[in-house]
Amino acid sequence: MLFKELVSLYESLRSTSSRLEKTAMIAAFLQQAPVDELPVIVTFLTGRIFPEWDQRKIGIASQSMIKIISTITHNPEDAVVESYKKTGHLGVTAEEMFQKRRQVTFFEPEDITVKEVAETFYEIARSSGAGSSAKKQKILIGLLHRATTPKEAHYIVSLTIEYVLSGAKEGVMEDAIGQAFGATLDQVRRAHMLTSDLGETARIAKTEGAAGLEAITIRPMRPVRPMLAQNVSSIREALDTMGGVAEFEMKYDGARLQIHKVGKDVKLYSRRLEDLTDALPEIVGYVRESVKSDTAILDSECIAIDKDTGRPIPFQNILTRLRRIHKVEETQKQFPLILRPFDVLFNQGQSTIDLPLRERRKILEEIVIATDSVIQPARALVTDQEEKAQELFEESVKSGNEGLMGKDLNATYTPGVRGKKMVKIKSVLDTLDLAIVSAEWGHGRKAGWLTSFEVAALDEETGDYVILGRVASGFSDEQLIEMTEKLKPLITGEHGRIVDVRPEIIVEVKFEEIQKSPIYSSGYALRFPRLVRVRDDLSPEEVNSFTRVMNIYNVQQRYSISENGLRK
């Protein structure tokens, strides 16, 4: 397939805001796509180069892209920067610069194919070591030289930075795959969650139909998105949600880890499907020693502890471990870790996700052999009595944990799904995980830092982010400096002192209450919002929904707050 055909679809998708129209366009396109190119086409349509599970990276930053656009279009870098400030998108800037170039030196090479674009990206990703940055840029310049139109340049650049303005988000793509190949949305979504690969899901749907999708199962060394929990306001609500009886587990203030074991080979993945194996060597050792299964996938919580007291220490210390790929031994001594597996997704060659929790828990306790305190199954209690669950809740909080998880004993494990089969009860007032969508430059002593951050929830109906307020409290100077460096590459536009950013940085925010407000696009505002922590472990898809915001608002209208912070 020619790349210009895909470009034409991108442009058609940009021309409409209707989800139904987008779905129909994509479905028709996928039906005509060659089977061998379908995985790449689907992945490109979502704005990615590689599937979610794939660890490869292009590694070309925005500043390098500005230089590349300047080089290939013979426009000064300052002109490219000014265009970028105006357009807020490097793909659009590339198109604008190529249009100017076309008037002078533009030529017409042969049409490039989707396969050639993909293979060039794969070559860039393979480049590593000394001089790799220059080599990557040279390869990309060669690809851009083959662009036959400014639009093609636009989308090559957009794919390189994985920020395509097509609106073909995962939900739309799942709908389109089902519509194109006669499968239900549930079948497509389940297959997607089990493969972590929409392209592969589409290929199977086209070649094997609904039956092929149903046959897909989880497999070791291919991470899947974790099952997610909803918030509830009390233990009573948790019991009512679970039908009167539930398994309550301690809710640790740690990092979610998905552990894959095949023989002595162990891989550790974050909830964002990032490979953390090299950063956490002691966890690998714990698993090899204590998990008595030849092949297993475990869902777990990794907790940092005080080396003197053995008590849990704040979540941010775990992030120090997760980010560090050098001097691992040094941080290992500074922030020792313990592991609390709480679910099993695969055991001895068989998927366990369709078993009820009560059976999965039994398997977990059989295969995870407690080794002192460093690895043991998460502390759990099965009860129908609110008082007993409350005792465990209080013990959990006194131990330095966040509260409790409540789980339906009959529930299967549903990757990537947030539902009421698993809920969390926390000891503090409500917090929200929100995406930063804009920021403001500071002044005076903080000039050069981004110091105030507009945060937003996700409207699940439209796929858009709706703003809830601006957070400026709770940041140390070090955090502001770090946040500025994180956000700079994500800037998409500037308006005086305000910068718009791609919604990729997630923060946990606490607040006094939610109020109606005409100021923000959501129609609501957080009163006295304050940073709790940066959630590097969360992906943009895990931002709290606007439905969650409205649930909190409605609860706040009906109930008061008890002394321990739980809703009555």
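Heads up, the Cβ atoms here are built off N, Cα and C, so glycines get one too.
Site annotation (Swiss-Prot, ligand ATP) includes E249, R256, R271, E301, R418, K424; from F342, F346, F475, the additional listed residue is F342. Once the Cα atoms of E249, R256, R271, E301, F342, R418, K424, the listed binders of ATP, are compared pairwise, the greatest separation found is 19 Å. When the alpha carbons of R418 (ATP binding site) and K251 (active site, N6-AMP-lysine intermediate) are compared, the span between them is 17 angstrom. Sequence-distant neighbours of E301 (ATP binding site) (same chain, 6+ residues apart, CB-CB distance under 8 A): Y252, G254, A255, R256, L257, L339, R340, F342, A378. DSSP gives R256 (ATP binding site) a strand state. For E249 (ATP binding site), the same-chain residues that are 6 or more apart in sequence and have a Cβ closer than 8 Å to its Cβ are F342, A378, R379, A380, L381, L404, M405, K407.
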